[in-house]
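Structure first, commentary second.
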């Protein structure tokens, strides 16, 4: 074999499968087949992460609807159930729920630490004790949430249930306004329109019926103006505290479970202050856990679960979608009250409002995008 032939020999050995000896590919491309570039792999991973995030968003919203509906029904039943002895104090139930939430978050951090007590102790020490300023940031929403709960008790003492429910839905609108101002969130025309439709639908759903005429006798003993001011203040405090917490979660690297431990710590302190101020005499007389039974613990556990679910919704969705989920739970609670508790008769106005709320929910998630060339990686 000549030297010239030996020089050409590697050309035949390096031809990849599926190519012609003349140098062209069987697909009409180059002779060499390049592997998938790293940018394409990163784009595929980004699409998978986006899909996973969307699934977590709607899963957390679904759990929130279930939790809110169950909590409303069980809490209503537990507060109206007539039993011998003292009834459980709602202020103590709030404190117990905060403590259970802290314990649940510690267990979740323990799981993320590969079930290592040493790693758990290090994380709690480094993320909470060694970062006092970061921890103190949660004192603001904790204090506001405590104030909000007290205001809602004042509102319900001076307003009928229908007026309270309709007015309190203004927190959805205040949440949207605070999201725009504090988080620079941009809402499209469809989202603003959905907020208006939602408010109209919830107002129809909670429209007073003839069965609520008995509430007028109770209203004579209270001040409607005080109740209205209380619920309006609660709406603004709820919107601000929720968006503030969302801002903290999305601007810092601390996990949502660490943030909930910090939030629950301050919530327990403020809650104990409320127990001492409002129910100190009753606690000293009958004990902290007076009136507690199996149903009470179900309510407390559902309330503790609500804090975790809301934190997940804020992490994977936002506060406005949380408001829509709460509105859907109002409709579901009313339907269950009709078929199970049999203390509500739905009207045509209710069904109209339900359709508007569901329409607004889907309209808010509608994101029209122009059809153009796909962005290159």
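Positions of Cβ are set from backbone N, Cα and C atoms, glycine also.
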Out of 187-205, 206-224, let me know the one TrEMBL marks transmembrane segment.
187-205
Look up transmembrane segment in TrEMBL and report which of 152-172, 257-277 it refers to.
257-277
Below 8 Å between Cβ atoms, which of the listed ranges 58-77, 225-245, 257-277, 347-366 makes the most pairs with the transmembrane segment (89-110)?
257-277
Give the nonlocal contacts of the transmembrane segment (347-366) in its own chain as ranges (CB under 8 Å, at least six residues past its ends).
190-191, 193-195, 197-198, 200-207, 209, 320-321, 324, 327-328, 331, 334
Below 8 angstroms Cβ to Cβ, which residues of this chain, lying six or more residues outside the transmembrane segment (257-277), approach it?
89, 91-92, 94-95, 98-99, 101-102, 105-106, 108-109, 112, 123-124, 127-128, 134-135, 137-139, 141-143, 145-146, 149-150, 245, 248-249, 283, 288, 307-308, 311
I'm a bit unsure how to read this: which one of 187-205, 225-245, 324-341 has the highest number of Cβ pairs shorter than 8 Å with the transmembrane segment (58-77)?
324-341
